[in-house]
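Among the features that TrEMBL reports, domain 'GHMP kinase N-terminal' is placed at 62-149. What TrEMBL records for PRO90, LEU91, ASN92, SER93, GLY94, LEU95, GLY96, SER97, SER98, ALA99, ALA100 is ATP binding site. The feature domain 'GHMP kinase C-terminal' is assigned by TrEMBL to 210-282.
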Amino acid sequence: MKKVKCYAPATVANVVCGYDILGFAIENPGDQVIVSFNHTHTTRITKIEGDEGKLPLDVKKNVVGHVVNLFLEKVKSRQGVDIELYKKMPLNSGLGSSAASSVAALVAINELFENPLTKGELLPLAMEGERLASGNAHADNVAPSLLGGLVLIRSYEPLDVIKLPFIKDLFVVSVHPDINVPTGEARKILKQQIPLQKAIEQWGNVAGLVSGFCTGDMDLVGRSMKDVIIEPIRSMLIPFFCEMKEIALENKAIGFGISGSGPSVFALCKNKDQADEISDRLYHLLNRHQIKSESQVTKMNNKGALII
Ligand code: HSE
């Protein structure tokens with residue numbers, strides 16, 4: 001029986017100032033999904049590993065089952081499909097865990113069907129996975145996980161997704177404190193109205209960040225990694241956020257912020273030594289305060305999801 005296996009990378013959504021409109025993929029970690037046909041005319045999740053038993057096997061409740069069913073509807077197939085999910089990152093981490101699973105499942109099933117859909121057609125299906133996971137169909141994790149690199153969602157209606165230039169020399173530190181911050185909860189606490197002055201600051205920074213990536217101007221990227229709207233609220237959910245930021249910036253990070261909806265935080269660095277130093281210091285800071293964490297240094301990923 002033919003089986004297809006896909007890897008989809010973790011992502012850093014928002015990139016500090018671009019709430020719901022910017023995200024980039026990282027090399028590690030990433031989820032894997034294996035799909036194969038079955039003879040039952042139903043979709044089944046036959047195996048999940050790496051989730052500590054937390055994810056449902058019910059296809060309607062698990063993003064991989066949900067998006068595979070949406071795919072089958074879209075291609076008008078009644079084919080039965082078995083899905084195996086290998087989680088390689090913590091749930092609710094802020095590293096786009098559900099997005100990586102949805103994207104891996106969709107790219108795998110598309111390959112199994114000999115690619116009837118384009119990546120542009122898979123993207124809205126992956127966004128529905130985000131709706132199931134968090135109550136909102138944002139694309140700033142699924143788009144970079146699918147396409148790789150740094151991605152801008154210029155518009156949601158109609159969907160207009162732009163892959164921005166990739167800077168291959170950047171190192172990414174990610175630190176995941178072992179606390180639970182579900183994305184849905186981290187969205188509910190945000191204010192629905194923002195003062196004009198704050199909006200002006202924010203869109204200046206978004207434009208600066210995009211311009212910095214397009215021209216390779218890392219100092220401009222760093223100056224633009226400021227969030228005056230979301231971070232002041234969400235950082236309250238992350239222990240020692242201000243201390244971590246201070247340490248990262250003192251140790252020459254280009255910028256520092258919350259990864260997606262948290263609790264993971266990330267720093268961008270120009271070289272690996274700086275990144276390793278920051279990774280160590282942040283890990284030890286949390287450790288001194290009895291907070292378990294996982295920290296790692298990786299690079300941006302420009303390939304996105306891949307059949308392996
Ligand atoms: N843009 C989303 C948020 C990403 O910040 O809620 C979730 O990982």
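Placement of Cβ uses the backbone N, Cα and C atoms for every residue, glycine included.
All features noted in TrEMBL, drawn onto the structure.
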| residue | record | Cβ contacts under 8 Å, 6 or more apart |
| --- | --- | --- |
| PRO90 | ATP binding site | SER97, HIS176, ASP178, GLU294 |
| ASN92 | ATP binding site | ASN180, VAL181, PRO182, THR183 |
| GLY94 | ATP binding site | ALA13, HIS176, VAL181, THR183, ILE258, SER259, GLY260, SER261, GLY262, PRO263, SER264, VAL265 |
| GLY96 | ATP binding site | ALA10, THR11, VAL12, ALA13, GLY23, ASN141, VAL142, PRO144, SER145, GLY260 |
| SER98 | ATP binding site | VAL63, LEU91, GLY129, GLU130, LEU132, ALA133, SER134, ASN141, THR183 |
| ALA100 | ATP binding site | ALA8, PRO9, ALA10, THR11, GLY30, ASP31, MET89, ASN141, SER145 |
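Looking just at the domain 'GHMP kinase C-terminal' (210-282), the mean pLDDT is 97. Sequence-ordered, the extra residues of this chain that approach the ATP site, with Cβ no more than 8 Å from the Cβ center of PRO90, LEU91, ASN92, SER93, GLY94, LEU95, GLY96, SER97, SER98, ALA99, ALA100, are ALA10, MET89, ASN141, GLY260.
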